[in-house]
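J.: Pulled the feature table from TrEMBL, pasting it below:
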type: DOMAIN; residues: 24-508; note: domain 'Major facilitator superfamily (MFS) profile'
type: TRANSMEM; residues: 69-88; note: transmembrane segment
type: TRANSMEM; residues: 100-119; note: transmembrane segment
type: TRANSMEM; residues: 163-190; note: transmembrane segment
type: TRANSMEM; residues: 213-232; note: transmembrane segment
type: TRANSMEM; residues: 349-367; note: transmembrane segment
type: TRANSMEM; residues: 373-392; note: transmembrane segment
type: TRANSMEM; residues: 404-423; note: transmembrane segment
type: TRANSMEM; residues: 443-463; note: transmembrane segment
type: TRANSMEM; residues: 484-503; note: transmembrane segment
type: REGION; residues: 510-543; note: region 'Disordered'
type: COMPBIAS; residues: 514-523; note: compositional bias 'Acidic residues'
Amino acid sequence: MARDQIGVLTALDVAKTQLYHFTAIIIAGMGFFTDAYDLFSIANVTKLLGRIYYTEHGAPKPGTLPPNVSLAVNGVALCGTLTGQLFFGWLGDKLGRKKVYGLTLAIMVFSSIASGLSFGHTSKGVITTLCFFRFWLGFGIGGDYPLSATIMSEYANKKTRGAFIAAVFAMQGFGILFGGIVALVISTIFDHVYSAPTYARNPVASLVPQADYVWRIILMIGALPAATTYYWRMKMPETARYTALVAKNAKQAAEDMSKVLQVEIEAEQEKVDKFTIRDNNSFGLFSKEFVKRHGLHLVGTCTTWFLLDIAYYSSNLFQKDIYTSIGWLPPASEMNAIHEVFRVSKAQVLIALCGTVPGYWFTVAFIDYLGRFFIQLMGFFFMTVFMFALAIPYDHWTKKENRVGFLIMYALTFFFSNFGPNATTFVVPAEIFPARLRSTCHGISAASGKAGAIVGAFGFLYASESKNLATRDAGYPAGIGMKNTLLVLAVCNCLGIFFTFLVPESKGKSLEELSGENEEENNNETSDHPTASNRTVPGEYVE
């Protein structure tokens, strides 16, 4: 049985879309813009790092990062992100969203600059320093996931909450696109100013000394968008839901939201006190009550995000290897070092424009009409279909006349990942858990996703290697090949379909309805609770 909602929370739920909503989207979204730029821009420069630091004199092909080094460069930021999601998710519930929100951005700015200034007298020294700073870059990025999602969900009205949270996450698409464009521009400038022959014509001259500046500039530019929004993050008031339901300060919550909404809101301290002292608003994360009410939901948000990111990050981080395997990128020996950056980033920009960015904004447009569950189920289904369609007739796609078809199908997998589970797995954990545990649970869900990303990144690196020694990268053991690797990714997407049924539909409900925080306690509380374990099948709940 639902109780009367606290006035300040009701005002937020029914507020019309106005300027402060869009301001919050931009402030939170620029963090994700930076996140995506920093995480995925490394894919544009790893081949260049291999040429600069691991080319052997007289070798028939340019140098590539050894397996352990490639794992470290690609995976260390993901490890930092996982750690940051857990730590800052927990801290956001303990200290408040605002108090730690600026800290994550400051870490990202510092680490982006420091990554580009990686130093050392040897290749090992430079790569070690780069990995050190990229871990801390990931740590700051990790904090942005639970904090941005929670802040946006707690600011939004219930009618368009899904679109607002998805819009924050959609800035990730622009970050990927911007990363590709920056790499294109920087590599074009350097390739024009410092013209060099291909590796096959002159191995030594193909790598100009100035190439070392290219990857450093690309990585450091990631600090700029984050730095521009730091001031505005510090000016944002704490969310009313945290102030009222966790800090239990009704007066401050009413004052903050009166300024934001530009309406008079009454401070209802007595109602807040009654609201927060009940047993169903005081159980902890490791309690039996949490397991009974939200246990399956947490399992659902964790497993779906884990399975998604196995496929999503392996495909994103190793696009260059996929393009090379189908012959869309010429052999490394037929390019100079800087031009190879240009070709890799050009491919990333095309995929981002055709599949990645549109998919995000389709989710923003339709999530509050179609619902989270439908979009996630549809996304996993089509990702499975297109991944199988790429994998099963893989030899067909490697033929030169069929490469365009491969790229279209590949772009569609990205489209339906973003108009699908890549967006919804971010949105739902910010809606269905109680305010006092919301940031923590989102952090746990997101960290599960990053665990999947680590599995995908590390596994893909080895698994995708050819069984044929002639076409295999130097230093790598035989893998299962690109075809079988794509089949494994398709199976992961298929499993995501089934685990989606553990996640409830949150469309059109207030956060307190979804979490059960505004329910009267009674003997049959569990059976009437909209998020009880027996109500995990999505759909409209009966009040």
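The backbone N, Cα and C atoms fix where each Cβ goes, glycine too.
Predicted, not measured: the structure shown is a model, and the values here were computed from it.
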J.: Could you tell me whether the transmembrane segment (373-392) and the transmembrane segment (484-503) are in contact, taking contact to mean 3+ Cβ pairs under 8 Å with a sequence separation of 6 or more?
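T.: Answer yes: the transmembrane segment (484-503) meets the transmembrane segment (373-392) with 3 or more Cβ pairs below 8 Å.
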J.: Mind checking which residues reach the transmembrane segment (213-232)? Cβ under 8 Å, same chain, six or more beyond either end.
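T.: Hits for the transmembrane segment (213-232): 23, 26-27, 30-31, 33-34, 37-38, 41-42, 44-45, 48-49, 52, 102, 105-106, 108-110, 112-113, 115-118, 175, 178-179, 182-183, 186-187, 190, 338, 341.
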J.: Counting Cβ pairs closer than 8 Å, which of 69-88, 100-119, 163-190, 373-392, 404-423 has the most of them with the transmembrane segment (349-367)?
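T.: Ranked by Cβ pairs under 8 Å, first place goes to 404-423.
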J.: Report, as numbers and ranges, every residue of the chain located at least six residues beyond the transmembrane segment (373-392) whose Cβ falls under 8 Å of a Cβ in that stretch; write 'none' if there are none.
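T.: Contacts with the transmembrane segment (373-392): 304, 308, 311, 363, 366-367, 406, 409-410, 412-413, 416-425, 428, 483-484, 486-487, 489-490, 493-494, 496-497, 500, 503-505, 538.
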J.: Cβ under 8 Å, sequence separation of at least 6 from the ends of the transmembrane segment (69-88): give me the contacting residues as numbers and ranges.
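T.: Cβ under 8 Å, 6 or more out: 38-39, 42-43, 46, 49-50, 54, 100, 104, 127, 130-131, 134-147, 313, 317, 439, 443-444, 446-447, 450-451, 453-454, 457-458, 461.
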J.: To what whole number does the mean pLDDT across the domain 'Major facilitator superfamily (MFS) profile' (24-508) round?
T.: 87
